[in-house]
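Participant: Take a look at the following structure, please.
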């Protein structure tokens, strides 16, 4: 009788857990397909280092069972897998996975503190510049106040405010208000659809994307006679068709991930409220930044307009001090907006990590997982967030400066070189943003400093990068075209409300007011849904990273979900990435 193979090889690639993880000793697989054709029992009780003796006569292949069998060479030592992060405690890593060295050494105190201090200093400098310039500006006339002295030079003449504008009727205001409510209801319905029909939704958005780009090709050719745009749209249609054929086998796993993440999002609604908080904070800072830019232009720039007597053309000149302030203001906007966005991402990722490791374990979920994750994101991990955001902000600022140089350059060669460098930086920015998204996920799960999180993310990308990209593409397609679909429905609802309201009031319909209502409805539909979409993206990335880092924790705490993962994506379910 042939000896049955060990399902993990000569020695377990990911050894059975003994007292580690969220659930203590990990149970045997529950139902479904086993890892591989396995012996019975899979692990002999009395001979842990050697298989059971063959039945039916003959000499056994290995020595008989002994408490301590003689060995020529000791077997390789195995170490327990990493225990889940201990949320709510100071020690984030409690044990090291096999062969990890110092990978999961417990961090002490705030991480990357220098970056947090630098961010606070830069933000204080921007606020100080705003405090100097804003009180001196009369925003009604968009000029310096009477008696205010500009930074240098002579103040420009005051300008009278321009009259006119678009008047908003009660019908227009009602359409906007109902548009906001409709956007929230539609986003909730789409979230329920992601939870109940994930696989059908993935397929539907593929077909919707193909139909969308076919329509774009037809409109480009028929209405604008733009053959190039029509050809590009048809090429995109072909790419989507090829991707559907190539990704079809990965759709079941993406469906499980999408349904799981949507379910957790509905269970812990604090993740969505975190996104709303980030949106409100970001909009508030945008308004403050825009007002400050106007004040900087009028106070530090001190613009003066001159007219050429020969040509009659006017030319506006500004003080040279405005240019470094302009670059610094751009940098401040990019860095601050990145920090706000990434604090939201790290907070949401912390909630999903808590669910992965603690839900279903004896420890159980903390009472306020969102609040705990937010405190970690704004205290011990804030420096890491500022560090990673700084890299993106520097690239974005450099791109903005190069774009301005290309526009203002009188040399065709110089403009061409600036454009080429800007395009290269745009490509680098996209790669760094994708990399940072997973690096911040590592920061959220384990509280690592940014450099260590980056190294571990690179390890994961080399091992599971293709899987992550395919999974993100499938789910990202659902979210992107879901946003377009909901924006279109919201526009239709706003148009109906506006038309009915105008008819009831017997008022003339203003074309400008209608256009404003429809644009606002589309934006509101997309913005509200993207709040939900950002939570789904963060949850998907977090679940994928946890699955790569410690798949056995899922087996211990959520065996039903483990069976679904095992059936749809066995590579992630059984092999520890660092084994």
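A Cβ is built for glycine as well, from the same backbone N, Cα and C atoms used for every other residue.
What TrEMBL says about a protein is an automatic prediction, not a curated fact.
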Participant: Which residue range, 78-95, 150-167, 204-221, is the one TrEMBL calls transmembrane segment?
Facilitator: 204-221
Participant: Please identify the range among 39-60, 171-192, 413-434 that TrEMBL labels transmembrane segment.
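Facilitator: When 39-60, 171-192, 413-434 are checked in TrEMBL, transmembrane segment belongs to 171-192.
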Participant: According to TrEMBL, which of these ranges is transmembrane segment: 303-319, 320-336, 439-455, 456-472?
Facilitator: 320-336
Participant: Looking at 343-361, 362-380, 552-570, which stretch does TrEMBL describe as transmembrane segment?
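Facilitator: Spelled out, TrEMBL records transmembrane segment over residues 343-361, not the other listed ranges.
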Participant: When you look at the transmembrane segment (171-192) alongside the transmembrane segment (478-501), do they share 3+ Cβ pairs under 8 Å, ignoring any pair fewer than 6 residues apart in sequence?
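Facilitator: Counting Cβ pairs under 8 Å, at least 3, so yes.
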Participant: Check the transmembrane segment (276-300) against the transmembrane segment (381-402) for contact, please; criterion is three or more CB pairs under 8 Å, pairs 6 or more apart in sequence.
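Facilitator: These two segments do not touch.
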Participant: Most CB pairs under 8 Å with the transmembrane segment (513-536): which of 113-134, 320-336, 343-361?
Facilitator: 343-361
